[in-house]
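As given in TrEMBL:
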type	residues	note
REGION	1-25	region 'Disordered'
DOMAIN	30-58	domain 'C2H2-type'
DOMAIN	59-88	domain 'C2H2-type'
REGION	82-104	region 'Disordered'
COMPBIAS	86-95	compositional bias 'Basic and acidic residues'
Amino acid sequence: PTPPPTPRSSRGRKVPWSEGNIPPDASRTIQCNLCGRWFLRGEHLKRHIASLHSDEKPYACEFPDCKKTFSRRDNCKYHYNAHFKPPKEDKRPDEEPKEPDETA
């Protein structure tokens, strides 16, 4: 048997996978007709289709001069809030740490 294809992004989660018309477990009864992935709830399928199978991006970031758009409102909101977080510090030091001054 061939191994299952790697999902586009699991973001560290375990993603159930099955081949063909057999769900990975009995609770997943709704199947995406575009890629064959199975879901527990219809709203999960709707979110999946908006995220992966649609090029439509109706949600625009409202931060001034930001032109990013998103297929999902929650992703847009998360991005917008990131504009207000302080930038992450560079983990690479620009210079060697200085030795303490011993002339004091």
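Indices start at 1 and increase along the chain as displayed.
Heads up, the Cβ atoms here are built off N, Cα and C, so glycines get one too.
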Helix, strand and coil counts within the domain 'C2H2-type' (30-58) (DSSP)
12 helix, 4 strand, 13 coil
Grouping DSSP H, G, I as helix and E, B as strand, the residues of the domain 'C2H2-type' (59-88) number 10 helix, 4 strand, 16 coil
